[in-house]
4 protein chains.
Amino acid sequence: MGTAEPVTPVGQAAEGELRIGWAARSMPVLAGIAERFARERPLDGLRIAACLHVTAETAVLLQVLREGGAEIALAASNPLSTQDDVAAALRERGIAVHARAGADLQTYYRHIHQALDIAPHLVLDDGCDLVNVLHTERVELLGDVVGGCEETTTGIIRLRQMAAEGALRFPVVAVNDTRTKRMVDNRYGTGQSTLDGIIRATNLLLAGRVVVVAGFGFCGRGVADRARGLGARVIVTEVDPVKALEAALQGYQVEPMSRAAELGDVFITVTGNRDVIRAEHFAVMKDGAVLANAGHFDVEIDVRALRELASAVRHGVRPNTDEYVLPDGRRLLLLAEGRVVNLTAAEGHPAAVMDISFSAHALAAAWLVTEGRGLPPGVHDLPSAIDAEIARLELAAAGVTIDTLTPDQERYLRSWRLGS
Amino acid sequence: MGTAEPVTPVGQAAEGELRIGWAARSMPVLAGIAERFARERPLDGLRIAACLHVTAETAVLLQVLREGGAEIALAASNPLSTQDDVAAALRERGIAVHARAGADLQTYYRHIHQALDIAPHLVLDDGCDLVNVLHTERVELLGDVVGGCEETTTGIIRLRQMAAEGALRFPVVAVNDTRTKRMVDNRYGTGQSTLDGIIRATNLLLAGRVVVVAGFGFCGRGVADRARGLGARVIVTEVDPVKALEAALQGYQVEPMSRAAELGDVFITVTGNRDVIRAEHFAVMKDGAVLANAGHFDVEIDVRALRELASAVRHGVRPNTDEYVLPDGRRLLLLAEGRVVNLTAAEGHPAAVMDISFSAHALAAAWLVTEGRGLPPGVHDLPSAIDAEIARLELAAAGVTIDTLTPDQERYLRSWRLGS
Amino acid sequence: MGTAEPVTPVGQAAEGELRIGWAARSMPVLAGIAERFARERPLDGLRIAACLHVTAETAVLLQVLREGGAEIALAASNPLSTQDDVAAALRERGIAVHARAGADLQTYYRHIHQALDIAPHLVLDDGCDLVNVLHTERVELLGDVVGGCEETTTGIIRLRQMAAEGALRFPVVAVNDTRTKRMVDNRYGTGQSTLDGIIRATNLLLAGRVVVVAGFGFCGRGVADRARGLGARVIVTEVDPVKALEAALQGYQVEPMSRAAELGDVFITVTGNRDVIRAEHFAVMKDGAVLANAGHFDVEIDVRALRELASAVRHGVRPNTDEYVLPDGRRLLLLAEGRVVNLTAAEGHPAAVMDISFSAHALAAAWLVTEGRGLPPGVHDLPSAIDAEIARLELAAAGVTIDTLTPDQERYLRSWRLGS
Amino acid sequence: MGTAEPVTPVGQAAEGELRIGWAARSMPVLAGIAERFARERPLDGLRIAACLHVTAETAVLLQVLREGGAEIALAASNPLSTQDDVAAALRERGIAVHARAGADLQTYYRHIHQALDIAPHLVLDDGCDLVNVLHTERVELLGDVVGGCEETTTGIIRLRQMAAEGALRFPVVAVNDTRTKRMVDNRYGTGQSTLDGIIRATNLLLAGRVVVVAGFGFCGRGVADRARGLGARVIVTEVDPVKALEAALQGYQVEPMSRAAELGDVFITVTGNRDVIRAEHFAVMKDGAVLANAGHFDVEIDVRALRELASAVRHGVRPNTDEYVLPDGRRLLLLAEGRVVNLTAAEGHPAAVMDISFSAHALAAAWLVTEGRGLPPGVHDLPSAIDAEIARLELAAAGVTIDTLTPDQERYLRSWRLGS
C-alpha cells in the first residue's frame, strides 16, 4: 500500500529526520516504552489507522508502535498542521502517510479513507473524524476493529454522543481524559503554545494588555495562567457557573462576552463550542483587537460574520495575521484564519507535552490488545495505574524523587476504624 | 432533650449571636436557601444529628435546617474548635448543643452519643466519627436513618472503606467531593486559613522562607499557592506521582521529605496520612524550623517521637507555639500541638467558604429526603445540577454575570456529526 | 532620668521579655551587629532620643545601641502600637520609656518632650514628630545634636520639605530610603502584615474579592502583590503616571478612585496623602465594603466625612472593626478607625523585617558618630556599602551563598574600551 | 551622502514598509510626538548620527526625528539584528542607512564611521560603540556635538567610566535610566522577548523546567518573572547581595553558579559581565542543558571555552541552536552563538516597548537642543517631567485614567507641619 502523494525529494526527508530527532530528545517516557515494546512486541501483527497531526512528535509515537510490531497508516487530523518534511521522512521509513500541508477538505477526507484502507485493528484519532467516517462510510471495516484511542476533548464529546445514541461500535480509550494528559497537554502544552502562537504572529507585548480567555476548562485555565504569567490582565468568560466561580476565585475578572468584547485587547477562544465571538461582539471591540482561537475546530470565532461585516480585508499584515477593516474604520486582526493558533502560528505542543500524551496512546493501544475484546463499546478511561506509570517515568526522566508510603502509612489509609 | 452542659451566662450567648450575625453576612448563598426552606419546609418533622465544628458558620447552617423544619442535635467534631459563645447562643435558640471547648476524648465521645440520642433521620458528619459510633455502638438507631452528609476528605476515605467492606448501612453524600466545595473549601479556604494560622502563631515573614508542603491534593495545592503568594519558596512532597508531576509543572520544587527536611524553614502537612514528618526528619531539620499540620487529624506530625527526642519543651513561647529543644541545641517549633492549625491558631475557614460547603449540606439534606430511600448504601456524589446551582447563587451574590449558551451552541454541543 | 508612668507589675515585664526573646530569634543581623558594638563601643557616652513604635523589635534595637555604649530615652511614635509589657521590660532593663498604649494626643506629645529631656546627641524618628518638636519647641537642644535617622516615607517627605525651607538643622539619614529597608520593610513587611491585619479583623476570604489598593509606591506594590497572592483581583489607583504604568504592566487593573469605589470589596490606602477615600467615594460603594489604611497617618480615609454621612455606627462588630450604616442602608466597615491596620489589627512588621530596618538604624547611628559633624544639614542616604553589608549578613543568616566577581570580571566592568 | 550598500530591490523595501507600518500601530506615544514635532520643528537643521538596531521600530523613531526637522545617518548597533528590508525601506525614504544583516566586525566599524561622516550635532547610541569611535578615532567631529542619548545599561556603564576618567566630552542622556524605559524595556520587553527567543529556538515546554537566571537587575528580574510565569522553577545567581536578597524575598532560589550549573535545564545570562558561565560550569551541567544570553554583548557565556571543551559541534540542530558534544557524551545546546537571544532568535522588543524607549530618545533629543549647551559633559538623567509625560501618553493610549491630586492633597504633601 503506497502513498498517493508525489515522490518527495531526499532533502525534505532529511530535514524531517532532523526534526524527529530533536523531538525524540524531549520524549524520554516514550523512549522507555519503545525499549519495552521492542522486547515484548505487544502489537505484533496488528494494523493501526491513525488520524493525527503529522508532526515530528507523532513520528516518534508511530516508531514506538512499530517497535511493538504494528503496521501503520497515517492521515492528517488537520491539513494546516502537516509538516511535509516529517511526512517525507516517515514515508522513507516505510510508513504509509496520507497527508499534505494545506490540503483541501475533499483531499482531507480522501486521506482518511486511504488510511482506513489498511483495515485497522486499532484506530488512533484526534477529533473523531476518522472514527466518524468509519461508522458512516466504511462500516464494512468495523468487524476487525478491537478498539481506539481519542486525543481531544472535542473528540470525546462526539464519541460520548455517539455512545449515548448507541452508534459507537467498539471501545475507545479517552486518552484526553487521563490525568497526566489533561494536566500536561491541555493545560501546560496548550497554555504555552497558544501564547507562543499569538506572540509569533503579532509580536505584541502582553504585559498590561487585557486578554480575554473564553472558556475555563483545562485548556482555558492553562491559557489564562500563561497570559497572566506574561503580565496580562485576564478576563474570563464562561457558561458553566462552577468553572466561572473557579476563575473568580483565582483572581480573574469574569464577565459575559458582551462586556468583555468592549474591554479586550486580545481574545482567545478555547471552549469547544461555536460562535463564541460573533457579530454582536465584533461590533463593540476596540480598534486593533486581536482574535485567536485555541480550540480544536475553527468554529469558535464566527469568521463568516466577520468577513461579512468588513469593508476590506488585508491578508498577511503579519505572518498568520489578517486585518479586517470595519466600516467605521476599526481594524480587527484575525490570527490563523480562526484555526487553532498554537499549531498554525507556532509549532504546536512542545515534544515534552506530546511525550505524555503519546505515551498514553502507546500504552492504551497495548492495553486494548489484551483487554479490548472484553470491553463493551463506549468511552473508557485509561486505567489509573497506567496513568500513574506515565507520571512516574516522566518524573524519573526529570531526576525528581518522591516519597513512598511506609507500611504503617499504608495500613493507616486502609483502616477506617481509627478516629480522632 | 436538653443539654448536659451547665447553664451559660447570657453575656456569652450575646457574644455568640454577634459572631453568628457577622458570619451570616458572608453567607449569601445559605441566606437564599433559608428563604426557600422557610417557604417549602423540605425537612418538616425530621430529626438531624450533626457532628460539626461548633462555630458561627455552623450556627448559620443549623438555622437554615430549622427553617426547613428540622429538629437538631449537635456535637463537636473537634473539641479544640468549639466556640463556647456560639454554643451558648445556639442553646438559647433552642438547639441541643453537646460541646465544650477543650473537652477531653471521653467527653468528646459522650457528646457524640448525646447527639445521637435524638434518633436521627439524617446525619451530618465531619470526619466520620459520628457515623462510626452509629455503626458500632448505636446500631439500634440505624433503622431510622435515611442518609447522611460527610464534610471532609478524611471522612470520605473512611466511608469508602466501610462501603467496600459492606459495613456502611445508608447512603452518604460526599459533600466534600462536590466541585464547588472542593474548590472553595479545600483549596481556597484551607489555603488562606492555614497560612493565617501560622502567621498568627509565629508572626514570621514568609517572603524568602522555604515552606515545605507535604501533600498536593486539593488542600495541599491551596496551601502551596498561598505560601507562594506570600513570597515563600515552596517545596512539595508527595507519594502520588501524578500529583507530584502537577506540582513540578506548576514550578514547585518536588523532593522526598528526607531531603526537604534539611531545607525547610516551615513545614505544613496536609496529606490525610500519619507520621508524614517523623523522627528521621526531625533529626536533620534546621534550628528554628516551624512545624504545622493542616490535615484533619493530629497524626501527620509524629508528636510523640518529637517529645521523646526533645531534651526540653517550652510551652507557649508564642500563642499556640511550643518549642522542642533537641539534645544538640536545635529548637523546633510545633504549632497547635500538631492539631489542625487553621482552626486552632486562626478562626478556621472564612464564613464565605463555609457558605459554599454548608449550602451543599443543606441542599444535600433536602435531596436525601426525596431521593434517599431509593439510593443504595454507599458514598454518593451530590447531583451536579445542585452543585451548579450553588456556584450560580455565589456568583450572583458577588455581582458576577456569565454567558448562557445560544440555541445554536446547544445544538452544536449535542451534535457529533459536524466535523472539520 | 525615670519614667513618668506608674510602676509596672513584674508579670508584665516578664511577658515583655518573652516577646523580646521571640523577636530576637528572627533578628540575626542585629545580633551580629550587637557583638561588634559590644566589642567596639562606637556609641560610648552618647545620648539617644528615640521616637519609635514601642514593640519587641524596637527593644532589640535599643539593646544593641546600649551594647554600643549609648544612653537611651524612648517615646512611642504611635500610641496605638505600644506594647505595655515590652515597655515594662525595657524599664526593668533601665531604659527610660515614655509610652502607654492608647495614650491621648496630649500625652503623646508630653512623652516626646520627656524623651527629648535626655538632651540627645542622636535622634531616631518614625514619622518626624520628634524632630518636628525638637525644631519648634525644643530648639535649645539643637546644639548637641549630631544627626538623626528617619524610618518612614512620610517622615522623609516632611524632612525634605524642612530642608527645602532651610529649617532642618542637622543631617538625617533616610533609613527609609536604603535599598534593603525599602525592599524588606516597605514592600514585604507592609505587604504581609497589612493583609494579616485585614484578615484578623474580618476573617474574609480574599480569593475572588476585588481589592482596591490606593497608591503603588513600595508599600502599595507590596500590598497589591500579597492581595493578588491571596487570590484577590486587584485594582490600583494612582496619581503618578509612571507608577500607574508600572501597575498596569504588572497586570493590575488601574482606575481612578471614583470608578474603583464602585467595584471594590476591600479598600486599602497606602499613599502618604490625605482624603484618598472621601465622601464622594463612600457614596457609591457596595454594601459591606471594607476600608483599611496602611499609611502612616490616619488621614488617608476621610473618617470624619464617613461619620457625618452615617446614620448609625456600630463599634466592634468584629475586633478592630466598626460598621457605619449609611442612610440608604448600605454598611461600610472601617478597620482600626482608619489608623495603620498592620500595627493596630495585627502585630506590625515581623521581626525579620525590623531586623533589616533596625540594622540600618544601628549602623547609621555609628556612621553619624564618625561622619556626622562633616555632613551638612539635610537628608542623607546611608552609604551603599553599609546597605550591602546588611544584605550580606541577612543572606548569610538564611544560609544563602552568592557569587563573587572573578578578577577578569572586575577588570571587565572597569573597562569601557572593550566593544562589540 | 549615499549608502555604501548595493541598491536594494523594490520588493524588499515594500516588505520593510509593511513591517514599519505594523510597528507604527503599536507606537501611539511616538505618533503623538510626531504630530508635535511636525508642528514645532524642534530639530530643524540638525544632523543626527544614530547607531541603533536597524529594525522597524527604529524606522518609526527616525521618521519622528525627521518630522522634527533632522537629517539622519544610521549604522547598526548589532549586525545580527539588522532587518535588510527595513534598511531598504529607509533608504527609499531618503535616510542614509549603513547596515547589512550579518556584516563582519570590520564592516560593522566601517558603517559606524560612515554614519559619523554626517558630522552630527546629536548622537543616538546603543552600547556606546559610536560614542567610543567618536572619542578615539573621530575627535575632529567632537566640536559640533551638542549631546547624545544612550539606550543600554552596558552603554551607560561605559559612559560613566569615560566620564570618571574625564574622557567624555559632551552631555549624554541616559535614556536607559529613565523610569519608564527601565520598566517597560529592560523589564517587560527583555522578559517577554528573551523567553520568546528561547521557545522559538527550542520549542521546549518551560513548565517544570529549572531555569537559571544569572543577574537580577531590571532585565534579569523581568526574565525571571516571565520564566516563572511560564511555570518554570527559577534559580537566580547574583554577585550583589542586595539584589540577591530581593530575589530571595520574591521566592526565588538563590545559588552560586557553581551549584546552579548542576541543577539547571535552561540558563539565561543577563548580567552585563563576561564569563558568567564558563568551563567549570559546563563541566557539571546536565545532558541537554540549554544556554542562552540576554545581555548586550556575547561575552557572558564563555563560548570559546565551550568550543575548546567540545569533542564535536553540530550547528543548526534547531534554528539558532548549536549542539556542543562533550567528551563524556553530554550535549549542551548553545542558542544564537551566545549573542543576545531575544534579538537573534526572536524579533527583539515588541514595538510597544520601543515606543516608550524611543519616545524618550525623541524627547531627549529635543531637550538637548534647548538645554544641551548649558549642561556639563557627563551622563545626565532625563528630567522626570519628560518621563512622566511619556507614561501619561502611554496610559492615555491604553484608555487608562488615573487620579489627580485635589488642592487639599497638594497642600498636604507640601506641608511638613501637620503631625500625628
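In case you wondered, yes, glycine gets a Cβ from its N, Cα and C as well.
Please treat TrEMBL annotations as automatic predictions, because they have not gone through curation.
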Do you know which of A:Glu92, A:Glu150, A:Glu151 TrEMBL groups with A:Thr55, A:Asp126, A:Lys181, A:Asp185 in the substrate site?
A:Glu151
Might you list, by sequence position, any residue in that chain lying six or more from A:His349 (NAD(+) binding site) with a Cβ less than 8 Å away from its Cβ?
A:Glu57, A:Asp185, A:Gly189, A:Thr190, A:Ser193, A:Asn342, A:Ser357
What's the CA-CA gap between A:Gly295 (NAD(+) binding site) and A:Lys181 (substrate binding site) in angstrom, rounded?
16
Quick one: pull the CA-CA distance for A:Thr55 (substrate binding site) versus A:Thr152 (NAD(+) binding site), whole Å only.
16
Among A:Thr152, A:Asp185, A:Asn186, A:Glu238 (the binding-site residues), residues with Cβ under 8 Å to chain B, listed in sequence order:
A:Glu238
Using only the Cα atoms of A:Thr55, A:Asp126, A:Glu151, A:Lys181, A:Asp185, which the record gives as binding substrate, return the largest interatomic distance in Å, rounded to a whole number.
18
Given the binding-site residues A:Asp126, A:Glu151, A:Lys181, state which is nearest to A:Gly217 (NAD(+) binding site) when distance is taken between Cα atoms.
A:Lys181
Local Cβ density at A:Gly295 (NAD(+) binding site) - other Cβ atoms counted within 10 Å:
29
Around the Cβ of A:Thr55 (substrate binding site), the count of other Cβ atoms that are within 10 Å:
24
Under 8 Å by Cβ from A:Lys181 (substrate binding site), same chain, sequence gap 6 or more:
A:Val175, A:Ile356, A:Ser357, A:Ala360
Can you check how the pLDDT averages out over the domain 'S-adenosyl-L-homocysteine hydrolase NAD binding' (A:186-348)?
96
Where A:Asp126 (substrate binding site) falls in three-state DSSP terms:
coil
Find, among the binding-site residues listed as A:Gly217, A:Gly220, the one whose Cβ has the highest number of other Cβ atoms within 10 Å in the structure shown.
A:Gly220
Near A:Asp185 (substrate binding site), how many other Cβ atoms are within 10 Å of its Cβ?
27
Restricting to the same chain and to sequence separations of six or more, state which residues have a Cβ under 8 Å from that of A:Glu151 (substrate binding site).
A:Leu52, A:Ser77, A:Leu124, A:Asp125, A:Asp126, A:Gly127, A:Val175, A:Asn176, A:Ser357, A:His361
